[in-house]
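> As listed in Swiss-Prot for this protein:
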| type | residues | note |
| --- | --- | --- |
| BINDING | His18, His89, Tyr175 | Cu(2+) binding site |
| BINDING | His164, Gln173 | O2 binding site |
| DISULFID | Cys59-Cys178 | disulfide bond |
| SIGNAL | 1-17 | signal peptide |
Amino acid sequence: MKTLSAGLLALASAASAHYTFPSLIANGVVTGEWEYVRQTENHYSNAPVTDVSSEAIRCYENPGRPAAKTLSVAAGSTVGFTVSPSIYHPGPLQFYMARVPDGQTADSWDGSGQVWFKIFEQGPQIDPSGLTWPSDGLSQVQVTIPSSLPSGDYLLRVEQIGLHSASSVNGAQFYLSCAQLTVTGGGNGNPGPLVSFPGAYSPTDPGLLINIYWPIPTSYELPGPPVWRG
């Protein structure tokens, strides 16, 4: 019984150190869990993705998940995700978007292909004492939809990468979700560069294979393409 109890405590401790992004925030309103966000495979375990070559790195969708709804938001507005329970591991925060192809819908499109562009990245503050990550401890994260983004249906992908064990290959931990949006009032921008998931990252990218503790890094290279500023 003691062994079983210890095992359950260990599992509970591991789950509490991990996290999900279950709810979309729009117009200051927190929507229901997995209402506009595709339910992720870790919705019970909170466990991360560690293989950047797997299909899970795209949206980490739970097989047989309930269909999510699509929320209408204005270009130039701020949207976000809740974090359950909160961001625990040190690492960067990034947001990507992908436009749903003509003839398809946000609730059924799988997001495959070279279609993703980055709209936000947040790295560390660096000083001689170490790296400080602005996303540490957050229970909500937000991003502005570029005002020149063309109107249409999109997937919005949030990603926070835990680098506490990233000194070995595949040690980086990816926590992510995809929400379904219809962007209105957009412009005539041309988002890019475009990447695919999987494909955007290599397990040996400098921002994914790194000891963030010692020797203290003097720089940090965020993984993925440059941000499209709109």
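In case you wondered, yes, glycine gets a Cβ from its N, Cα and C as well.
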> About how far apart, in whole Å, are the alpha carbons (Cα) of Cys59 (disulfide bond) and Tyr175 (Cu(2+) binding site)?
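That comes out at 10 Å between the alpha carbons.
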> What whole-number Å value do you get for the CA-CA distance of His89 (Cu(2+) binding site) and His164 (O2 binding site)?
7
> Suppose the Cu(2+) site is His18, His89, Tyr175. Which further residues of the same chain have a Cβ inside 8 angstroms of that site's Cβ centroid?
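Neighbours within 8 Å of the Cβ centroid, excluding His18, His89, Tyr175: Ala17, Tyr19, Asn46, Pro48, Ile87, Tyr88, Gln160, Gly162, Gln173.
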> Starting from the Cβ of His89 (Cu(2+) binding site), draw a 10 Å sphere and report how many other Cβ atoms land inside it.
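His89 (Cu(2+) binding site): 21 neighbouring Cβ atoms within 10 Å.
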> Tell me the Cα distance separating His18 (Cu(2+) binding site) from His164 (O2 binding site), rounded to the nearest angstrom.
12
> Per residue, counting other C-beta atoms within 10 angstroms of the C-beta, which of the disulfide-bonded residues Cys59, Cys178 reaches the highest number?
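Result for the most crowded candidate: Cys178.
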> State the Cα to Cα distance, in Å, between Gln173 (O2 binding site) and His18 (Cu(2+) binding site), rounded to an integer.
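Cα-Cα distance, Gln173 (O2 binding site) to His18 (Cu(2+) binding site): 9 Å.
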> What does DSSP say about Cys59 (disulfide bond): helix, strand or coil?
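In the DSSP reduction, Cys59 (disulfide bond) maps to helix.
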> Counting other CB atoms within 10 A of each CB, which of the binding-site residues His18, His164 comes out lowest?
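Lowest Cβ count within 10 Å among the binding-site residues (His18, His164) is His164.
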> If one looks at the chain holding Tyr175 (Cu(2+) binding site), which residues at least 6 apart in sequence have a CB under 8 angstroms from its CB?
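Those within reach of Tyr175 (Cu(2+) binding site), by Cβ under 8 Å and sequence separation of 6 or more, are His18, Tyr19, Thr20, Phe21, Pro48, Val49, Ile87, His89, Glu159, Gln160, Ile161, Gly162.
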